[in-house]
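S.K.: Before I ask anything, here is the structure I am working with.
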């Protein structure tokens, strides 16, 4: 039983028997059968590094609008200045209740019994923020809608912002717009977070035009879009897979004279890192420091990741050292990024050393750490070591995800161990997970490499009939396998079937098809397919050029192909043999 109170009465929460709910009841302080003491809020919080620290409540309360009202919660973080107060016993019980109970009437009925005090408000907001950190959008909606519609608390922009965020995450943009209008009608002072969350909600719903309209809305009220709003837009575009538009917004941000901050640069370094353009990520990092914008641990980690994706382990290690020299203590994400660099570079034992160092430094590996080690050993053909790491993860109580199984499957697939791969697929199903397209594509590729075309066709039929969706990668594998085996008719049949399946051939599809004829030195046929490719709006990459050149059997043909490629890529330095 948890107790809170004032000078006259005390309130306690009494769990209901056999029900995931709770009830508030009042007791007089003179009651002799219950030992009640006033609970004093501890001035303790967890800082950004996870360390327990103390503060003076009254000073903190005066610092920002008092009692966490107005601006206590910030978009993209938790509390202002990164302060995450420890939940009070009452707040913890409210949190547990909201995460279990889904019936709105029961939730609201229980919340109706709360006293409208400052401490109650703080507890509710702390709970709402914790729910947000846990990505529990439905409980946030229940709690904040109760505050706005049924409670006696004054309408507050924080609740509207939390609701806009929750509805946005659920892609309910109409609800987002409704809350925004209510916010205007309530005459609450809008914050930059409000606009940032609006932009993010529209991006999540795939409504880029509406996201752009938010900037016009801000200017209508005489507001210049801040870095927070631009960052939300860039982040939303990146998550929606629209990197080019994100780059355009970043350039516009500069033209508009908006002050770029650490988060802006970190987002863009991430963007270029994921696009395997580490040189651009490093250029931005240098620009950032030249502008006296201080990188944080996330910035350094993003840059380590950028080099890691390209297997540039020396550069990754150099940035990792800079991270430490800047006074940051590496966290699990930083260590994982460095491990990934060694893994991609083909140095599994280097990754293992980082893994050991992380543990030695008191940083506990997470599921991603183990997955990276499984992948590192798998890439190097050390499938037994990969499985040992996989089993160790399970012994430590870390449940393998689909990705964990997929990485182990890839390890055995590389060495052509069909029996083990089939066993892993069975394990996936037994664990309650459903094999996804990637897993089945891996099996297709394995059967194809070993010439087991009948099994390959069975997997394809299962994918076309079952819940597993065949994607363009599926058909790329099939076209490549049949092309290499010389089954041109089956390869062409699969290629011609793509439009009916609403699939568009990509550069890999065209190059795989070209490769089949290139191996037979059918130069004229390769040129015909190359022209089809260009007419379809798909432009060749370096791999396409190499395949086309390999079809040549004379100097004249080599010169002809080289001229065509150079004409198409005038601004690209070619490394084609002449």
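Every residue gets a Cβ built from N, Cα and C, even glycine.
Dumping what TrEMBL says about this protein:
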- 239-375: domain 'PROP1-like PPR' (DOMAIN)
- 191-225: repeat 'PPR' (REPEAT)
- 226-260: repeat 'PPR' (REPEAT)
- 261-295: repeat 'PPR' (REPEAT)
- 296-330: repeat 'PPR' (REPEAT)
- 331-365: repeat 'PPR' (REPEAT)
- 366-400: repeat 'PPR' (REPEAT)
- 401-435: repeat 'PPR' (REPEAT)
- 436-470: repeat 'PPR' (REPEAT)
- 471-505: repeat 'PPR' (REPEAT)
- 506-540: repeat 'PPR' (REPEAT)
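Distances, neighbours, how buried they are, the whole picture for these features please.
M.R.: Packing against the repeat 'PPR' (191-225) from elsewhere in the chain are residues 71, 74-76, 157, 160-161, 164-165, 167-169, 171, 173, 176, 180, 183, 231-233, 235-237, 239-240, 242, 245, 256, 258: each is 6 or more residues past its ends and has a CB under 8 Å from a CB in it.
In this model, the repeat 'PPR' (226-260) carries an average pLDDT of 92.
Per DSSP, the repeat 'PPR' (261-295) is made up of 26 helix, 0 strand, 9 coil.
Packing against the repeat 'PPR' (296-330) from elsewhere in the chain are residues 49, 262, 265-266, 269-270, 272-274, 276-278, 281-282, 285, 288, 337-338, 340-347, 350, 358, 361, 363: each is 6 or more residues past its ends and has a CB under 8 Å from a CB in it.
Counting residues 6+ beyond its ends, the repeat 'PPR' (366-400) has Cβ neighbours under 8 Å at 332, 335-336, 339-340, 342-344, 346-348, 351-352, 355, 358, 407-408, 410-412, 414-415, 417, 420, 431 in the same chain.
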S.K.: Grab the same-chain neighbours of the repeat 'PPR' (506-540) for me: Cβ-Cβ under 8 Å, and only residues 6 or more beyond its ends, written as numbers and ranges.
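M.R.: For the repeat 'PPR' (506-540), the nonlocal Cβ contacts are 472-473, 475-476, 479-480, 482-484, 486, 488, 491, 495, 498, 547-548, 550-553, 557, 564-565, 568.
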S.K.: When you scan the chain for residues with a C-beta under 8 Å from the repeat 'PPR' (401-435), skipping those not six or more beyond its ends, what do you find?
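M.R.: Non-local partners: 367, 370-371, 374-375, 377-379, 381-383, 386-387, 390, 393, 442-443, 445-447, 449-450, 452, 467-468.
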S.K.: Against which stretches of its own chain does the repeat 'PPR' (261-295) lie, if we need a Cβ under 8 Å and a gap of at least six residues from its ends?
M.R.: 76, 227, 230-231, 234-235, 238, 243, 246-247, 250, 253, 302-303, 305-307, 309-310, 312, 315, 326
S.K.: Summarise the domain 'PROP1-like PPR' (239-375) as counts of helix, strand and coil residues per DSSP.
M.R.: 101 helix, 0 strand, 36 coil
